[in-house]
Amino acid sequence: MAGLKVFSFALLLILTFSLIDVEGYNVENGGSLCCNNHPKFGKCNTKNDDQRCNSWCLNGCDNGKGGYCKSMSHGGQCHCYC
């Protein structure tokens, strides 16, 4: 009987943590990239990077608006439009 309780608790923990996306995107919104800066995208300083960022946001954001390289104090980051 105790084994069943331990198994049930472990299963509950696994299911709970499987709903958390490690990269910080919500499961509820489909992992959409919208309205966020994305340091994981990599460098984003040139016109070519700007076009690559826009394509990346178009593919990963549900609103179809794309994105741009946003100037930041520590270098540019890809930012997807809201």
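Glycine too: its Cβ is placed from the backbone N, Cα and C atoms.
Going by Swiss-Prot, these are the annotated features:
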SIGNAL    1-24  signal peptide
DISULFID  Cys34-Cys82  disulfide bond
DISULFID  Cys44-Cys69  disulfide bond
DISULFID  Cys53-Cys78  disulfide bond
DISULFID  Cys57-Cys80  disulfide bond
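Rounded to a whole number, the C-alpha distance linking Cys78 (disulfide bond) with Cys34 (disulfide bond) is 11 angstrom. In terms of Cα spacing, the disulfide-bonded residues Cys57, Cys80, Cys82 that come within 10 Å of Cys69 (disulfide bond) are Cys80. Across the structure, Cys34 (disulfide bond) and Cys53 (disulfide bond) place their CA atoms 12 angstrom apart.
DSSP assigns Cys34 (disulfide bond) to coil, not to a helix or a strand. The distance from the Cα of Cys82 (disulfide bond) to the Cα of Cys57 (disulfide bond) comes to 10 Å. A gap of 8 Å separates the Cα atoms of Cys80 (disulfide bond) and Cys53 (disulfide bond). Around Cys34 (disulfide bond), a 10 Å sphere centred on its CB holds 18 further CB atoms from the protein chains shown.
Here the Cα atom of Cys57 (disulfide bond) is found 13 Å from that of Cys44 (disulfide bond). Cα spacing between Cys53 (disulfide bond) and Cys44 (disulfide bond): 8 Å, rounded to the nearest whole number. In this structure, Cys69 (disulfide bond) is part of a beta strand by DSSP.
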